[in-house]
Structure formats: structure tokens, C-alpha cells
Ligand SMILES: Nc1nc2c(ncn2[C@@H]2O[C@H](COP(=O)(O)OP(=O)(O)OP(=O)(O)O)[C@@H](O)[C@H]2O)c(=O)[nH]1
Ligand SMILES: [Mg+2]
């Protein structure tokens, strides 16, 4: 009796070979390793409709017969019969993913040129149909010169037909090997064949394919992503201005109204200087927060965000992180707390720790008020090259500085404290969709509400406490109230530490309450200057931006911005890091390295700006 014939399942990764193998062999499987490598060898018994039993082998996925990985090498060697004691397969079953036909046909042609009796399983036709793509197996069979059977491995559809086709292929003799086409020619032919096999394709599917070809292109893709982000930051300034001005006018009117309505008293000062000047100065950033989130939510809902993650994967890999870290890091642009909690989905513990440690470097939305108030005061509202707003450009630069900082820190950490190999990235790309306005509106409302609640609770409380600390003890005649106050004393002490990086007392004073919430830096400055203005009508009338312009120099303002790019402000982030890392070691490390970075960055910015004569 002749030996049992061998049938091998071969094709690109994720075509469904293992699913077909399981469906065809059921429980009759043997799992071992290929000699010399840890690649799994799966074989099983399969009885053809003719009654002949054959040995079915499931091969690792490959893109071609020129191996680039151990898995691919096994596949190439098995097909060529180069493993000792393992004869080459007599029949090939090439498994193609119907929803990815063009790409999979490239390897298929290389396999067909071997001249072996071959059958093609056009698998995953269910997914193709779901995406609006109907394929004609007969046309494909004619183009390729071998039987093509449509299958859905996971639903056992087409398995009988596949068995029949294998049985009749078993009757054929192997032909001579054909000359292999070059890789480019194979690609061109694959494109033509895939086109010919398409019976119908919804215009939507065509559009999606075109969009992906463009948006995921190796270098057009990142450029488009950069351009989109750039537009976002321009819009945050340009579109928000009228709304912010409106809100500012309302806050101003409220201030004047209360000033006029209440008799002169400590209570009136608390309401006007503390609550209205302080909380009001943060509230006016609502339009900018809403615009930023409108873009983020729209990118998520449209399916673009997952593509951005895919594009970023390459960049993340270059610093030793995986694309898995992208989503937590992206959420950190809203707030580091949900970002750090989202790292639970990262399986590799060192990957996860690194992501947690760099999450605070992503510019959270609480920093936006600080950035914008300083930028609006010190960066002229002019344009670069006639079209690009300078203010938006600076804001964009601050976000980029945070991301670059995170990449560098990540790289250093992955080489030292969290050393280890990077893990791979697998992610399903969702379909493109037009975002639904209702969902967007709900999402925006939630974000706005979170912001308003912060303003009403934590920012309100910190501002009131600060106002009290700024007003007591009362200054003697001729002495500045701020200098005489408790808060002023603390700030004067701290000012010694931050003087080398160009910070004045008011800036030092703003840093402490900002540990509760970063926006408070803005409200503390507003309250401090309101208290400092005292009864001076002219000073009182000045808006916060004008106050800053009078009291700060440009290098000081830039140093303050640089500080906020890196500083570990916000105690909740530290608390959540302690919870997620189960101890104080990493939060303390985080606190220390972020303070050090902030100090260095602010100092360097200050001295460079001074040297440049700004
Ligand atoms: N909807 C659908 N899913 C399928 C079909 N065939 C396989 N899958 C799924 O596709 C995924 C990949 O299938 P596998 O069988 O592991 O693919 P493979 O070709 O063995 O992949 P590698 O071993 O990595 O080369 C699995 O989640 C399967 O459940 C199909 O016909 N329809
Ligand atoms: Mg497999």
C-alpha cells in the first residue's frame, strides 16, 4: 500500500487556516513542534469523500516563500520538503481571505507556480458580504486555473465541496514548476484578478477601500494625521474666541453687578475677587474644551481614531512601546486618570508601567486654560505665512513638546527600569461611519458637565481657600496685601526655589494650588491680582491677560508654559498611579522625574529666551 498522502493548508496569516483545519479534522489532531524550532506542528486525519484517509497539516501563516520570520521559514521548508522525515505535501489547499483578496492573491500565485495539485478555499466570504463585497469564485477559478471553493470556516459552510475538490485534486499528477513572477508583477496580476472576481461591490465598500489606501499610506497617512491635529489646534483658538469673549463679558458684567449691588465688605470681596475673578477665569475656557472634544469625539465615532492608532504603532514601536499603549495615551489628552486606568488592557506588565509613567506628559485638558491664557496674553494674534495663526501654532507646539517628552522618557525607561521586548499590536479597524450628531452632542455635554462640575467644586474650593490665605493677615499701611498674607509668605519661600528658572512670586504662588487641579493656576493668578489691585479702580478693570502683560516678561511666560508641559500637577493622578501600581514606589518616582523635567525645561526655556533677547 502506498503511504498516506499529505494535504497542507497554506496562506497568509489570519486567512482562517487553523479554523478550517479544526473544522475538517475535528478531534483527530496531533500537536507537536517542528524539529529544532518552537513552531507548532499541527496535523490531523481527514477522510476524503472517496474514503481515502489523508494527513492534513496546518501551516503557520506566511506572506511568501522567502522567509522573514521563523514561522515563515517553517512554512517554506515544509512545502519544499526540507524537514527530514517529513515529505513535501502532495496537495496544497491555499486559504484566501475573501475580504482581503488582492493582498492574499500575491502569495497564492507564488504557491500556484510550484505546479502541485492545488485547491483554493475562498474563506471568510461572510465577512466580505457583510462589507458589501460579492465575489465570483468561478471567475477566480478560471483566472487561477484551479478549483476555487467559497467557505466560511467558522460556520462549516462549503466544507463538503472543499472535500470533493481535494479528492479530485488527489487524482491529478503534479505538473512542472512554472517560472516565478517578480513581486511587482505578482502584485499587478493580483490587482487585476481581484478586480475581475468582484461581482458587485457597494460604492461604500469601494470608498472605504480608497479611504484606507490613502489614510493608512505609509507616509501620506502620518501627514494627514498631523494636518488634522494641526487644524484642531488652530480651531481651538480661532473658533472659540467669540464664545470666550462672550463668556468673559458675562463674567465681567457679573463682577460689576455684584460690586455695585453689595455694600463694601469682606463678603463682597470674597465674591468678586475670589469666586467671580477666580472661578470665572476658568469658566471662560469652556468653549475651547468643547471644541477640542468635538474633534476627538468625531474622530472616534468616524472610525478614524483606530487608524490613527495603527499609524502610531510604528512610532510607538520605535520607542519600545506597542500600539496598545496608544489608546490609554490618547485618553490622557482628556485626563491622565482615565488614561492610566485604561492601561489595564495592556498585558505586558513593563509595557503597562511605562505607559502609566508617561501618561501625565500627554497634555490633559486641564492644562488648556493655563496654556491659552498665557498664549493669548503674550503671543501676538498674527499669522505665519499669511494663513496659519501663530497662537494656534504655539499651542500645537506645546502638545508636541509633551508627546516628544513622553517618547524620550519612554525610550529611556524601556532601556533601563522597564527593560524588555516590545509586544506586537493587533487591532481590528472599524468601518468608517459618519458620526451621529446626537451621539456627539451627548458626548460633548458629558465633557462640558465634567468641566463645569470641577469648576463648581474643586476649583471653587481651592480658589476660596486661596482668597482667604491671600487676605489674612491684613497688611499694614503701605505694605502689599499679597506680601503680608499667609499665601504670600509661602510663595515668597517657594520663590527662592523657582527664582533660578525665572519665576516670580505670583507664579510660585500659582503652583501650589495648581496641585489640586491645573486650571487653578489661572484662577489663582486672577484672584491674586484681584486682591493685589485692592481698591485701585484702574487695576481692577484690567483683564487677567493685561495684568499678566504688565507683570511678566515674555521669557517668564514661556518658562511658565514649559513648566506646565512637564510638571506633575494634579494629586489625583499620583493617587491613581499608586492604586494602579500597588504602592508608593512608582508614584514617587513619577513625581520626582516630572518635577525634575519641569524645572529643567522651564529653566532652559527662560535662559534661552533671555539670551535671545525676547
Ligand atoms: N467570520 C469568519 N471568521 C473566520 C472565518 N475563518 C476564520 N475566521 C476567524 O478568523 C480568525 C483567524 O483565523 P485562524 O484560523 O486563526 O487564521 P490562520 O490562517 O490560522 O492564522 P495564522 O495561524 O496566524 O496564519 C479567527 O478568529 C477565526 O475564528 C470565516 O470564514 N468567517
Ligand atoms: Mg493558524
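Just so you know, glycine gets a Cβ as well, placed from its N, Cα and C.
Feature annotations, reproduced from TrEMBL:
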- 4-172: domain 'FeoB-type G' (DOMAIN)
- 214-240: transmembrane segment (TRANSMEM)
- 275-297: transmembrane segment (TRANSMEM)
- 355-379: transmembrane segment (TRANSMEM)
- 391-413: transmembrane segment (TRANSMEM)
- 451-470: transmembrane segment (TRANSMEM)
- 552-576: transmembrane segment (TRANSMEM)
- 588-609: transmembrane segment (TRANSMEM)
### Task
Using a Cβ cut-off of under 8 Å, list the residues of the same chain at least 6 residues beyond the transmembrane segment (355-379) that approach it.
236-237, 281-282, 285, 288-289, 292-293, 321, 325, 328-330, 332-336, 339-340, 343, 346, 390-391, 394-395, 398-399, 402-403, 405-406, 409-410, 413, 418, 451, 454, 514, 517-519, 521-522, 525, 544-546, 548-549, 552, 554, 557-558, 560-561, 564-566, 568, 570, 573, 577, 580-581, 586, 589-590, 593-594
### Positions whose Cβ lies under 8 angstroms from the transmembrane segment (588-609), at least six residues beyond its ends
356-357, 360-361, 405, 409, 500-503, 554-556, 558-568, 574, 577
### Message
Using a cut-off of under 8 Å between C-beta atoms, tell me which stretch among 214-240, 391-413, 451-470, 552-576 contacts the transmembrane segment (275-297) the most.
### Response
451-470
### Message
Should anything in the same chain at least six residues away from the transmembrane segment (214-240) have a Cβ under 8 Å from its Cβ atoms, list it; otherwise answer none.
### Response
287-288, 291-292, 295, 299, 304, 307-308, 310-311, 315, 368, 372, 375, 388-389, 391-393, 395-396, 399
### Other parts of the chain folded back onto the transmembrane segment (552-576), taken as Cβ under 8 Å at six or more residues beyond its ends
336-337, 340-341, 359-361, 363-364, 366-367, 370-371, 374-375, 377-378, 398, 401-402, 405, 501-504, 507, 511, 514-518, 521, 587, 590-591, 594-595, 597-599, 601-607, 609-610, 614
### Task
Check the domain 'FeoB-type G' (4-172) for me and report the mean pLDDT.
90
